[in-house]
């Protein structure tokens with residue numbers, strides 16, 4: 001059954017805007033789980049612009065579903081993951097100047113190093129997922145690192161303005177799902193998904209989990225986090 005990982009980064013974004021202690025992402029995770037979240041996702045960025053080390057450490061103790069730690073494949077972040085031991089990590093690219101993650105990681109440019117990263121993390125029983133574009137060469141490289149998962153980048157699909165473009169990008173995602181599954185990879189997806197566009201991605205073959213954040217937190221400002229999560233679960237089933 002398709003599951004929902006709720007990304008709570010933007011609860012921390014609001015907190016960090018005033019450098020205060022509220023709202024607390026840890027409390028948000030509890031509410032998200034009450035609302036039906038199947039997992040909690042946080043991105044500990046190198047610049048600590050939203051989620052802080054403290055958040056991840058407490059979430060590791062309090063999350064009752066599973067904790068997905070998004071992070072860059074750097075020595076600092078690997079050390080943190082090995083210490084905290086999230087349920088799994090999703091390795092993502094980072095640029096200091098970006099507002100949000102702009103695309104999938106390039107598996108080909110640092111393939112040998114990425115293989116070593118996967119080996120270190122999975123030797124500590126931390127499954128690894130790569131956040132990548134739905135490109136066959138990238139998917140094959142991700143599989144060759146020994147990772148258990150990939151997360152397909154849905155940003156281009158989410159941002160497409162024309163229906164014909166959306167359908168073409170959806171086809172690319174579908175083919176990526178099928179190819180990844182044929183290689184033994186488990187498939188997640190995320191980035192830019194909203195209540196209005198999620199259903200088509202939820203219907204893709206062999207999809208396991210969707211990681212969604214901004215649209216849920218935006219909705220939560222108006223209706224509360226529990227309801228916002230429940231509504232996303234409905235949207236994923238085409239019932240909203």
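Every residue, even glycine, has its Cβ placed from backbone N, Cα and C.
The 3-amino-2-oxopropyl phosphate binding site annotation in Swiss-Prot covers 7, 18, 192, 213, 214 and rests on sequence analysis. For residue 214 (3-amino-2-oxopropyl phosphate binding site), the Cβ neighbour count at a 10 Å cut-off comes to 16, with all displayed protein chains included. Mapped onto three states, the DSSP output places residue 214 (3-amino-2-oxopropyl phosphate binding site) in helix.
Marked as 1-deoxy-D-xylulose 5-phosphate binding site by Swiss-Prot: 9, 10, 45, 50, 100. Using a 10 Å radius centred on the Cβ of residue 10 (1-deoxy-D-xylulose 5-phosphate binding site) and all shown protein chains, the other Cβ atoms total 22.
Residues or ranges marked as active site, proton acceptor by Swiss-Prot on the basis of sequence analysis: 43 (among others). In the three-state DSSP reading, residue 43 (active site, proton acceptor) counts as strand.
Annotation source Swiss-Prot lists active site, proton acceptor at 70 (among others). Packing around residue 70 (active site, proton acceptor) is summarised by its Cβ count: 25 other Cβ atoms lie within 10 angstroms of its Cβ, all protein chains included. The secondary structure of residue 70 (active site, proton acceptor), as reduced to three states from DSSP, is extended strand.
Proximity of residue 151 (site 'Transition state stabilizer') to non-local residues of its own chain (separation of 6 or more, Cβ distance below 8 Å) is seen for 90, 129, 130, 131, 132, 187, 188, 189, 190, 211, given in sequence order. In three-state terms derived from DSSP, residue 151 (site 'Transition state stabilizer') belongs to an extended strand segment. Look at Swiss-Prot and you will find 151 tagged as site 'Transition state stabilizer'.
All protein chains included, residue 191 (active site, proton donor) registers 26 other Cβ atoms within 10 Å of its own Cβ. Residues annotated as active site, proton donor in Swiss-Prot: 191.
Within 10 Å of the C-beta of residue 7 (3-amino-2-oxopropyl phosphate binding site) there are 25 other C-beta atoms, taking all protein chains into account.
Using residue 214 (3-amino-2-oxopropyl phosphate binding site) as the reference Cα, a 10 A cut-off selects 10 from the recorded positions 10, 43, 45, 50, 70. For residue 9 (1-deoxy-D-xylulose 5-phosphate binding site), the number of other Cβ atoms no farther than 10 Å from its own Cβ, over all displayed protein chains, is 21.
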